[in-house]
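The ATP binding site annotation in TrEMBL covers 220. Under the heading domain 'SH3', TrEMBL lists 6-68. Among the features that TrEMBL reports, domain 'SH2' is placed at 80-169. Annotated domain 'Protein kinase' per TrEMBL: 193-440, in sequence order. Annotation source TrEMBL lists region 'Disordered' at 1-20.
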């Protein structure tokens, strides 16, 4: 039985098909295609070839879905970065000589700076990369915001160095993320991406609206290479999941740092959706449907043993068809300033997670209770009038928020069950899903 792939699914071809019949698509093994639609009753699809842009028919049996990327500490966006090694060690690493073979190391003489070491004409040439005011430069003419950008530039242009960079020398034991992403089919082609307006800004970088191969997309741009490396593990987690109530990852592009390309959700986040429409425009039935969507997405994450850690109405996005989807589920563990508890969203975080850093599906359930409260109060901030430090103390004394105005008693009972102090007493997302389905009947 062939799998049914919805439009927009990225698939990989399993073999060569270089002599197509009329209306068929030509492809080679390992090419990426985007599904446009299933062809009724035929086991065929109409698809677009990601590289050539051509459209045509191909058999479902010629396709496989992209594999998940294993979360692996050896996976690096910068396999050519060797850290603290001396110039002599760098020369040894770049043997035998080969024009354009290169690595980057930390400067021993100038802490904070880097050195680009390039093999050329049987010698190794060392270029100091000066790091000042958040920029990097070799020649004080061309400035870069990070090492990934700098290497990309000198692989395309010789500029101020002896030769174009040709071949990275990976640090022993490191794997190139670029190669792994490409092999599994998650590396997208920059030339097919058009970037538009900024639609959001997070602490890691901007979110832009754009288009990829004719499809509207949202693009997260992470410029800092250390943060990009942290995001890589989270993106790998996103390649494992696919559900109608999770925002879909289309792929990544390694350029200008790191682009994460996701499906575009035209109606924005749930908080703004509710605040700008209010009671007059959003009936209780719709609130229940949003709550059910989120519970189903979270039930799926729970079944995959993935913990969200930052479930809140601001991280729920609404599609054109009013479907609510959980976003940022892979990214919640990236903490740019180290594991600093002061950065936790206190009003959404379960007491055991705040106090003992114990995150689990049950701490996600606590946050879901807060999300329900936000939903039925049409986007109000939780614990109105309470300061952060008061919240933690009051919760331990048994304080819980009152029901939002007009909230059905059964839903308020559901919220309170999510706010049991003992994690084991809280319902699972499966149970929450069942209760909401009953409520909607």
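FYI, residue positions are counted from 1 along the chain as it appears here.
Keep in mind that glycine also has a Cβ here, set from the backbone N, Cα and C atoms.
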Next item on the list: Across all the protein chains here, work out how many other Cβ atoms are within 10 Å of the Cβ of residue 220 (ATP binding site).
Entry: 22
Note to self: DSSP on the domain 'SH3' (6-68): how many residues come out helix, how many strand, how many coil?
What the structure shows: 3 helix, 29 strand, 31 coil
Next item on the list: Run through the domain 'SH2' (80-169) and tell me, per DSSP, how many residues are helix, strand and coil.
Entry: 17 helix, 30 strand, 43 coil
